[in-house]
């Protein structure tokens, strides 16, 4: 990726180029993880065709979740008013990049692919993140908390429904769940505002739609 000098990041064009590069890397690239894959030392097993398709569908949902998280965090960081909030968001986004890479690796192992709608998921999440950020950093952090809590819930569901023998996927999801819980706790400590009741419900409905589509496509 082309590096842009920090002294030039005040230019609107430079900021636009950075955001465009982040979007391309997330949606079409394969950003490398900074941490080792949690499944690296877990033996793989041969799943039957039905188990493999189910595991791939769940891991595709998780991959989409990480694409959405990247879009949300980058959208929020782009309009964050406080440098500490921006740093918090970008730091969380880096850990989500690890998750993105691990899920992509597992999809490849399962002879599957990411969602065809990743550009749509990213664009929608980026717009939501930017809108939340424009309301203020406390709102932005509130969206982080709610997003991570909902992700934790669906990771628990996936850990319950994955084929019992698919320990490689389980190893990845367990570490992801720990990270998501920490992101939510850190956002709360940083001053997150609790979101009004209709917003979490709308987010859950959108998440349900995403999961239904991403499981197959």
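Using the three backbone atoms N, Cα and C, a Cβ is placed for every residue, glycine included.
Record features (Swiss-Prot):
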BINDING   66, 96, 99, 180  Fe cation 1 binding site
BINDING   96, 148, 180, 183  Fe cation 2 binding site
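A Cβ within 8 Å of the Cβ centre of 66, 96, 99, 180, the residues given for Fe cation 1, is found for these other residues of the same chain: 65, 69, 95, 97, 98, 100, 151, 176, 179.
In the shown protein chains, 27 other C-beta atoms lie within 10 A of the C-beta of residue 96 (Fe cation 1 binding site).
In this structure the C-alpha atoms belonging to residue 183 (Fe cation 2 binding site) and residue 96 (Fe cation 1 binding site) are separated by 10 Å. Following the DSSP three-state reduction, the secondary structure of residue 96 (Fe cation 1 binding site) is helix. The 10 Å shell around the Cβ of residue 99 (Fe cation 1 binding site) contains 24 further Cβ atoms across the protein chains shown.
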